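Visitor: Please read through the structure below; I'll follow up with questions.
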């Protein structure tokens, strides 16, 4: 009994020892304090994200935002870009277009997404697509509420050929521009651009845009408040005056001056009016060609002069040159058919210029209503010119008819003078014959009925005998040699109608 009791006491002692050690361990792990313990407050995690350093350009008139963040540990540039989706819009890193890196944004071909095109320019000309610039679009890039929304990373964009972004600058120069008010839709990053209609400049604090959580960059947030940006003047208007002048002067030459010149050539007797007006028309064409050549160098699609518009325009120079040179008398007399080439060359030149103008509208990406109006006007003028030239061809030009009538009139005057001379000779011979008969009645004139000396074979070799219609002269003289007054064997008499002019038969 005593043994079992001792075992139970030993077990209880062991349990008490373990409990004592446990209490001592808990008391030693807790900090010693004489004051009663107070419950600790629970801190909730913060819901506000860390702001991303950025500089933001915001334009109230168009609600255009362009924000930039530059990574601290790389040369990547993070971009947030939004603007109305009615045309192309661009923002460039640089003071001027020359050597500036421009980000051009326009609609995709289906109009449901954004096409972003990094471009470089050598001057105040259309910028060219820079395929070496790596621009990566991020999720969230779309068309939202008729606004472009672009979220992108420009990889290694701190340096490009010709310039760079100074990350330590607090006033880095920037430019922006808006295209004309008609939609450009294309998936190609090298799509042709029409000249901008609005543009401006501002400076951006790049130093404030550097950094981010852990040195990593990130796309800035949307904002309607500018930050780190100073505007340099307002929005400036721009017009493509040279291209517009080229179009207007060319249309005036073809649709206005050309029909007027055809009327002057066909219905006015004085050829000098037609020649002078042709010089004015040629001057208009020369100016239009000069302006076209000058404006071609401003656009990528026309720099090489290989477009259909330019090819047709240069081909039309050949008939234009022939129209100017062939009427010159030394050249016109080289072959009888040369003068007849004037009207076909005129028609060919007009058709070539009309086609060149239509191709020019297509080349300049003109709106469809303007192209439709051009086609209708071209058809109307072509029909008018066709009618005028048909009328002129049938009846002859006024100058040609006047020249022919003048030449025939000169021939008639010569015939009239010759007839008067023969009539005076006949009257004189008759008087001498009557006097001889009175003095010598038995001796007839041996020259009776013969033509006078110096007959008309030398004067008029083209006389025609009209037998059966002869009528003897007064007192029966010149029988068989003079046919009655009013006989008109030649077409010149039918045209000019000179009754009473005797027609002579030359022996």
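Backbone N, Cα and C atoms are what each Cβ position is placed from, and that goes for glycine too.
No curator has checked TrEMBL annotations; they are predicted automatically.
The model shown is predicted, which means the values in this text are computed figures rather than measured ones.
Feature list, courtesy of TrEMBL:
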- 430-447: compositional bias 'Low complexity' (COMPBIAS)
- 464-473: compositional bias 'Gly residues' (COMPBIAS)
- 88-179: domain 'DOMON' (DOMAIN)
- 428-475: region 'Disordered' (REGION)
- 1-25: signal peptide (SIGNAL)
- 247-268: transmembrane segment (TRANSMEM)
- 280-299: transmembrane segment (TRANSMEM)
- 311-332: transmembrane segment (TRANSMEM)
- 344-364: transmembrane segment (TRANSMEM)
- 370-388: transmembrane segment (TRANSMEM)
Visitor: If we skip the immediate neighbours and take only residues 6+ beyond the ends of the transmembrane segment (370-388), which ones have a Cβ under 8 Å from one of its Cβ atoms?
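Guide: Cβ under 8 Å, 6 or more out: 254-255, 258-259, 262-263, 266, 347, 350-351, 354, 357-358, 361-362.
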Visitor: Using a Cβ cut-off under 8 Å, which residues of the same chain at least 6 positions beyond either end of the transmembrane segment (247-268) come close to it?
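Guide: Sequence-remote neighbours of the transmembrane segment (247-268) are 274, 277-278, 280-281, 284-285, 287-288, 291-292, 346, 350, 353-354, 357, 360-361, 364, 377-378, 381, 384-385, 388-389, 391-392, 397-399.
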Visitor: Determine which residues of the chain contact the transmembrane segment (311-332) at the Cβ level, with the cut-off under 8 Å and only residues 6 or more beyond its ends counted.
Guide: 275, 278, 282, 285, 289, 292, 305, 338-339, 341-342, 345-346, 348-349, 352-353, 355-356, 359-360
